[in-house]
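Listed features, source TrEMBL:
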SIGNAL    1-19  signal peptide
DOMAIN    17-210  domain 'GH16'
ACT_SITE  GLU96  active site, nucleophile
ACT_SITE  GLU100  active site, proton donor
CARBOHYD  ASN104  N-linked glycosylation site
Amino acid sequence: MAFVFLLLLACSLMTAASAGNLDQNFQLTWGDGRAKILENGQLLTLSLDKASGSGFQSKNEYLFGKIDMQLKLVPGNSAGTVTAYYLSSQGPTHDEIDFEFLGNLSGDPYTLHTNVFAQGKGNKEMQFHLWFDPTKDFHTYSILWNPRHIIFMVDGMPIRDFKNMESKGVAFPKNQPMRIYSSLWNADDWATQGGRIKTDWAKAPFTASYRNFNADACVWSSGASNCPSKKSNSAGWWNQELDSTSHQRMRWVQKNYMIYNYCTDQKRFPQGLPPECSIA
């Protein structure tokens, strides 16, 4: 009996390690050595200097799931830098779910930029400041993506819920499997205060760190998902949506920390706001 318990414990530990092992789940794609997987696959770092940034992508493609990653962002004067962490398919009609972290001068807050693309069209930006310093320690950034919702979360706090409103003519990502991508790159032509603040290369190299990846998700392979419908229907995230408490928490974040919402930008949409903006 004790042997069976130890065997089960070992299997559970192996599963947890596999979920978090970055070497098993990701491949470094560019940066000429500036991206590194360290500590036996438990830590991944991207760096940026004047010559180049760096990036990685997941080995698997996913079609729905809950994706978690802990990030610690570039500290100090990060003006001009962008740390992008997102899901995306390929091609001109690609789908995409974005977290982008726009750096700033020392002491000023990062801007967390979110966006959703469906069938090649985005323009659904919401931006936030964070209620903590994201450079001091690791924090968990999550995307919950099921057939009815895309929920962005920070340390389990929902900050945005993009709902499936295809019945109102709004495209929703649901047919194209997506990989996870991340990159650290220089965008000082627009990233910080509209490009007015440039990257201080004397502070390079800039480094962002990643750990504790977990994907409770449907892996897409050879044209099919590994989630049979019964399993999908029983998965906690498959039918998940925000309850009343989670809605209150999201409203608190949006009231206190949202700095841009495309659904209130009437100057940008003089012919009328996008249809999803008028739907409660």
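Note: Cβ is positioned from N, Cα and C throughout, glycine not excepted.
Heads up, TrEMBL stuff is auto-annotated, nobody curated it.
These numbers come from a predicted model, not from an experiment.
Sequence-distant contacts of ASN104 (N-linked glycosylation site), defined as residues of its own chain at least six apart whose C-beta falls under 8 angstroms from its C-beta, comprise SER78, ALA79, TYR110, THR111, THR192, GLN193, ILE197. The Cβ of the residue listed as 'active site, nucleophile' has TYR86, LEU87, SER88, SER89, ASN115, VAL116, PHE117, GLY122, PRO173, MET178 as same-chain neighbours under 8 Å, each 6 or more residues away in sequence. Over the domain 'GH16' (17-210) the predicted model carries a mean pLDDT of 96. Proximity of GLU100 (active site, proton donor) to non-local residues of its own chain (separation of 6 or more, Cβ distance below 8 Å) is seen for VAL82, THR83, ALA84, TYR85, TYR86, LEU112, HIS113, THR114, ASN115, given in sequence order.
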